[in-house]
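To start, the structure itself, in structure tokens.
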Number of protein chains: 2
Amino acid sequence: MRHVLALQCIHCGKQHDPGDVDYYCPLCGYHEGILDVLYDYEAVKAEMDPVTFSAGGPRSMWRYLPLLPVAEPERISHLQVGWTPLYRASRLAETLDVADCWVKDEGRNPTASFKDRASAVGVLKAMERGASRITCASTGNAASSLAGFAAAAGLPASIFVPKRAPEAKVAQLLVFGAQVFSVQGTYDQAWELCMAASSHFGWYNRNCAINAYLIEGKKTVALELVEQFRERGAFPDWVVVSVGDGCTIGGVWKGFKEMQRIGWIEKTPKILGVQAAGCQPFVTAWREGKRLTPCEADTLADSIAVGHPRNFVKGLRAVTESGGAYVAVPDQAILEAMTTLARKAAVFGEPAGATGVAGVQEARRQGIIGPDDVVAVIVTGNGLKDIASAIRAAGLPVPVDPALDAVRRVASP
Amino acid sequence: MRHVLALQCIHCGKQHDPGDVDYYCPLCGYHEGILDVLYDYEAVKAEMDPVTFSAGGPRSMWRYLPLLPVAEPERISHLQVGWTPLYRASRLAETLDVADCWVKDEGRNPTASFKDRASAVGVLKAMERGASRITCASTGNAASSLAGFAAAAGLPASIFVPKRAPEAKVAQLLVFGAQVFSVQGTYDQAWELCMAASSHFGWYNRNCAINAYLIEGKKTVALELVEQFRERGAFPDWVVVSVGDGCTIGGVWKGFKEMQRIGWIEKTPKILGVQAAGCQPFVTAWREGKRLTPCEADTLADSIAVGHPRNFVKGLRAVTESGGAYVAVPDQAILEAMTTLARKAAVFGEPAGATGVAGVQEARRQGIIGPDDVVAVIVTGNGLKDIASAIRAAGLPVPVDPALDAVRRVASP
């Protein structure tokens, strides 16, 4: 961690030595005491000069090593994570009525979601700490990416899932060899049990909200956007991302701020946070009073169905500091966005992945985004992760008898 | 098509001008008259010098443009296809008892399978021909990749599926906006109807066996392997691939032969073709008499469940010319290979994708592959494409009550 200066509590402001704390500020506890990794930005700048940097480095998130909290780079996974494609999607821009639209396809990561960036760092930190095992509570992308990166490192993983977890998502964890505990209770009980087990057994805890290092992996998507846009000679007015517990949008914003700080960009983009209408604590807080009111989660976009976001402060700051906005979109708009994204940009996203596209439409409707604006949408997960929703979004095939005449009667021109 | 000299019939040997024929040799018909694209290899060599080439070019299959049948490169899709990761998998090598094992993860392509390489070329050729629509008959990776690349190009697509096609696979086609005909009959009837419709409406036909250009896309995986191995200072004794209709293995072999011809490699690797025990026409032909006997297909590895392979000649030649071998593996071994591949190399493959790993085990057992051999396995598709098989392969989670004591009783050390 050559350039890491300290871990600073976002609640009390105290700076801790990385050797002294494991996860959160001991003074403020894990609900409030979320830490932020501080770097020596002058030293980083010397190694990441915008003019000379682009040519070299691996085509993965690890090209940004000077800005990552890595002590033992020789432990970096063989899995190629990050440096996902950035597509210019002109036909999508037309549909959304914006000047230009770019799509960052995070579904191309090793286990097919954005969360791989965080798990890559989480497993690496566990190895550096000499952990015997890594753990998390999740049935979603955090769990599958953890299982994949743990398998890559040969590090045992224990994952806590609620008993209602879909069989298919559990299967993926088991294929990677994780020990999966099916907790006979709610998701909250699975989460608390994971915390207790982590503490009792000394298992390394991969939970983005209480582990400051994971957001460092997430921010790399912003570093990449800055570099990829520089290559294309463009830059977005808005960066759009769906929001669950606030870690992802918080990471995105941290990445842009750091790139500004080391001289890559003069101006940061505005951040548009998009939530499902059935679960919009950030939207409510941003619109009405800036305080968190936890809610029930009722949306098919499971990856962002978080009624009690654990990284509320960072998630809200991303929008307020950037001069951005929060919007909410109904599930029907999310399903329609899945087909719009697939048909106009050829990217198949899971519901939470396509939510950003629906968010751009809503922000246009509200006049938040204008027709002359350039937007970049981060598609956070692959549509193959949730085939049930794809079936709901897709419509039906045309039945035909096996005869050319039958086709002639119904074929599109 | 700067360097394309002719399309040569593999049956009668006659060379055709690419402007004169659309799909197959008009003298031999589409069952026998499969064409091969011939290049001016001296001209190609001048543009693909092994010493100077590596530095430049896009990180996609299109870096090999001098060896591709492309007339209008400005029509190349925005989707980033090819240049997939090549991983060195030491723990997998140990398990397989070989000197070294490399994994080429084709599940990282845009629609998550190897078939994207072929569809990328197919859609491009359709656009060059000014086609109004492109068609195929399939429920598998060929169809989903066609739907994706057609969406990227804004080219309408019509896909014929048998009425028994799984809802989930059909949904993916519909999400991309393809018109999907559910043919009230068998797969063979769907295939014949597609051929008739293509001919009647003038729709461009994306069928690998009767369209010589598609295998040109497929061969790029071999070009990449040669270049990526050169970067790593290694080279495999065996390249291993699962086999259905013979187009993929035929493409792989063509790629290696061409790289030999233009001076990148002195010696080609041996090719190991792997089939499911429940559908092994190539294995039978190779072992017993070199003639094709079509069979029923009975295997869970649906992507290679082809009882009547349409590219038999090229598929058999790949093995005989390379000095390789064909082996068959039972479905149970394929399921076990899925977990072995995921746990030892952190790559989640669909059954046909993991079949190559089972094939290495079988070839070791038969003494075909030795303990000092270096193998490279092409994983042809992502495990997310077939969650039902993953569930069969994965085992079960451990039920626990929501209490630490319950975890303590069952947790791995």
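Glycine is no exception: its Cβ is also placed from the backbone N, Cα and C atoms.
Marked as pyridoxal 5'-phosphate binding site by TrEMBL: A:Asn141, A:Thr380. Within 10 Å of the C-beta of A:Asn141 (pyridoxal 5'-phosphate binding site) there are 28 other C-beta atoms, taking all protein chains into account.
Positions annotated as domain 'Tryptophan synthase beta chain-like PALP' by TrEMBL: A:80-381. In the predicted model, residues of the domain 'Tryptophan synthase beta chain-like PALP' (A:80-381) average a pLDDT of 95.
For A:Lys115 (N6-(pyridoxal phosphate)lysine), the number of other Cβ atoms no farther than 10 Å from its own Cβ, over all displayed protein chains, is 32. If you look up TrEMBL, you'll see A:Lys115 marked as N6-(pyridoxal phosphate)lysine.
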Mapped DSSP class for A:Lys115 (N6-(pyridoxal phosphate)lysine), helix or strand or coil: coil
A:Thr380 (pyridoxal 5'-phosphate binding site) and A:Lys115 (N6-(pyridoxal phosphate)lysine), distance between Cα atoms, whole Å: 8
Cβ contacts of A:Thr380 (pyridoxal 5'-phosphate binding site) (under 8 Å, same chain, 6 or more positions away): A:Glu106, A:Gly107, A:Ser113, A:Phe114, A:Asn141, A:Val241, A:Ser242, A:Thr248, A:Ser303, A:Gly349, A:Glu350, A:Ala352, A:Gly353, A:Gly356
A:Asn141 (pyridoxal 5'-phosphate binding site) - helix vs strand vs coil (DSSP): helix
